[in-house]
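Annotation source Swiss-Prot lists active site, nucleophile at Ser172, citing experimental evidence. The annotation active site, charge relay system is assigned in Swiss-Prot to Asp343, His372. Feature annotation from Swiss-Prot assigns disulfide bond to Cys246-Cys255; the stated evidence is experimental evidence. Positions annotated as domain 'AB hydrolase-1' by Swiss-Prot, on the basis of sequence analysis: 82-377. Positions annotated as signal peptide by Swiss-Prot: 1-19.
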Amino acid sequence: MWLLLTAASVISTLGTTHGLFGKLHPTNPEVTMNISQMITYWGYPAEEYEVVTEDGYILGIDRIPYGRKNSENIGRRPVAFLQHGLLASATNWISNLPNNSLAFILADAGYDVWLGNSRGNTWARRNLYYSPDSVEFWAFSFDEMAKYDLPATIDFILKKTGQDKLHYVGHSQGTTIGFIAFSTNPKLAKRIKTFYALAPVATVKYTETLLNKLMLVPSFLFKLIFGNKIFYPHHFFDQFLATEVCSRETVDLLCSNALFIICGFDTMNLNMSRLDVYLSHNPAGTSVQNVLHWSQAVKSGKFQAFDWGSPVQNMMHYHQSMPPYYNLTDMHVPIAVWNGGNDLLADPHDVDLLLSKLPNLIYHRKIPPYNHLDFIWAMDAPQAVYNEIVSMMGTDNK
């Protein structure tokens, strides 16, 4: 971030006076759009809804009821629900061109597509009882996303569509909350046709990303630095970086490398002309507590609930002195997995451990050059991943 700030200062000083660092391409209009605007911009229908969870969080969700290629057929369609990863939002699924974005591809393939948002991100930052300015609002991690957000959202979607089941597609933390929800909530698990897991994350024992250094900071020091509320929210300056800094010659490589350092390198597979769209909507924010939960996972190498810091606190939340482990062998939902050999967050060794514990693994493919973000943004994602998903969903619908 400081490197990008320095670049912004240099560009402001030199670029305006000497004509240096010219823009590589015009700013994409989706930079300033919300989710439904991004959808309709490409000629797709969009619907916005709000889901209220059992504990009062208000989640914005979006729907693409049909595609551009099949608008004449308005009958009931099979449902596909897409859930984003850490520090992200539903925009991840629609940030590329229509022929490169999974949400649009599924809509054109005849699916009723729904895009979820996890509590605390840009589109899910309200609660019936707590203000986002309060500490209480931010007292959550991916535990609560699995316990409250997923059940409420899936229940809403199925009631709205009149369907009994849906296809679930998760990326990164979107798979994490799926693993938890579908292994601890058998009733919910029965409502999932198939779980499509992209860059799945359960344990993070072997992850080698630079974020590990941040995760190793003691909790008290982490809170001293970042507070105890929101972590890395979307800010107007992100949009400035995306449109006025990262869209310029040479600096665009600096910006893309900032992503690669965290998620793994696959330099030839990122559409640089869409970089301003990616960066203007990400990061979308989460809670400090959620990041601390991931920090605990890095340190322990275990897949378990949030440790509240003392046996007494844990007893209050779990009726036991230690946070419970999540048992992946209890998840019997059919699951198809895609992971990347160059993924620094969902490390292949961690994925191998995960695969060995899944009792109903129906498909697995490892893509050697793929990093963590390739599954949502890679230029060849349709050929490498999405076409397989569409084909498998079609078979599952018969």
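Yeah, the Cβs are placed from backbone N, Cα and C, and that goes for glycine too.
The recorded positions listed here (Cys246, Cys255, Asp343) include no residue with a Cα within 10 A of the Cα of the residue listed as 'active site, nucleophile'. Of the listed disulfide-bonded residues, namely Cys246, Cys255, the sparsest CB environment within 10 A is found at Cys255. Rounded to a whole number, the C-alpha distance linking Asp343 (active site, charge relay system) with Cys255 (disulfide bond) is 18 angstrom. Around the Cβ of His372 (active site, charge relay system), the number of neighbouring Cβ atoms within 10 Å comes to 29. Counting every protein chain shown, the Cβ of the residue listed as 'active site, nucleophile' has 26 other Cβ atoms within 10 Å.
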